[in-house]
């Protein structure tokens, strides 16, 4: 920022210039006080002489030329005025000097503000461009790329079930008599199609490993391993908790 360097260079000379002007003003003030004191004494002496002349009769009221200050006193008074005028001119010069630097500082501050706004605008434009690029990249991604389950994990449709009732022809075995308790729903934040069918007690879409209930009238049909307490594919027939309770009730009749 070259303008800051220029301003710093100009400010560095300001204290010396102010000191010089203030020194001159002190000298003028001292000189003025000396001339004024001397002229006051002269005028006081001339007033005393006029009084004495009037009292002694050497001066009459009809001699106005003798009833005034001498030319020396008048000249001294004019000299005092000249010194005062010089002092005022020096004070005005000092004020203008400081005011010029203040205006220059204001100008540099405006430049700094403009530079700051330009940098902020450039940063905002870069951020907006990056966001647009990210949105464009997301829009260009293939459909379904956000899902995290494999095709093998997709359950078969609920309609038109076959006699096998197994996915991919796998075998199922009986589960132990101690039926697992119903697990709480697993909350997965998966980007899926809202029109995709849901399964299991958790009413979620198909994902991961799943098992099908062997009851042909099961209302849910497919279940996630974690929701029914399985860690591997069962062998033989397998019934969900609801259908297993229904089967026991039928056998007890």
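Every residue, even glycine, has its Cβ placed from backbone N, Cα and C.
Feature annotations, courtesy of TrEMBL:
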- 200, 202, 224, 227: Zn(2+) 1 binding site (BINDING)
- 213, 218, 240, 243: Zn(2+) 2 binding site (BINDING)
- 98-132: coiled coil (COILED)
- 197-246: domain 'PHD-type' (DOMAIN)
- 147-175: region 'Disordered' (REGION)
- 199: site 'Histone H3K4me3 binding' (SITE)
- 210: site 'Histone H3K4me3 binding' (SITE)
- 214: site 'Histone H3K4me3 binding' (SITE)
- 222: site 'Histone H3K4me3 binding' (SITE)
Quick one: of 213, 240, 243, which of the binding-site residues has the smallest count of other CB atoms within 10 A?
243
Spatial neighbour of residue 222 (site 'Histone H3K4me3 binding') that is closest, considering only the binding-site residues 200, 202, 240, 243 and their CA atoms:
200
Give the distance between the Cα atoms of residue 227 (Zn(2+) 1 binding site) and residue 210 (site 'Histone H3K4me3 binding'), rounded to the nearest whole Å.
9
What's the CA-CA gap between residue 202 (Zn(2+) 1 binding site) and residue 210 (site 'Histone H3K4me3 binding') in angstrom, rounded?
13
Distance check against residue 243 (Zn(2+) 2 binding site) for the recorded positions 199, 200, 210, 214, 224, keeping those with Cα within 10 Å
214
Nearest of the recorded positions to residue 224 (Zn(2+) 1 binding site) by CA-CA distance, picking from 199, 210, 214, 218, 240?
210
Starting from the Cβ centroid of 213, 218, 240, 243, which together make up the recorded Zn(2+) 2 site, report each further residue of the same chain whose Cβ lies within 8 Å of that point, ordered by sequence.
214, 215, 219, 220, 221, 223, 239, 241, 242, 244
For residue 200 (Zn(2+) 1 binding site), the nonlocal same-chain Cβ neighbours (under 8 Å, six or more residues apart) come out as 210, 220, 222, 223, 224, 227, 228
Just to verify: the residue among 202, 227 with the fewest other Cβ atoms within 10 Å, which of the binding-site residues is it?
202
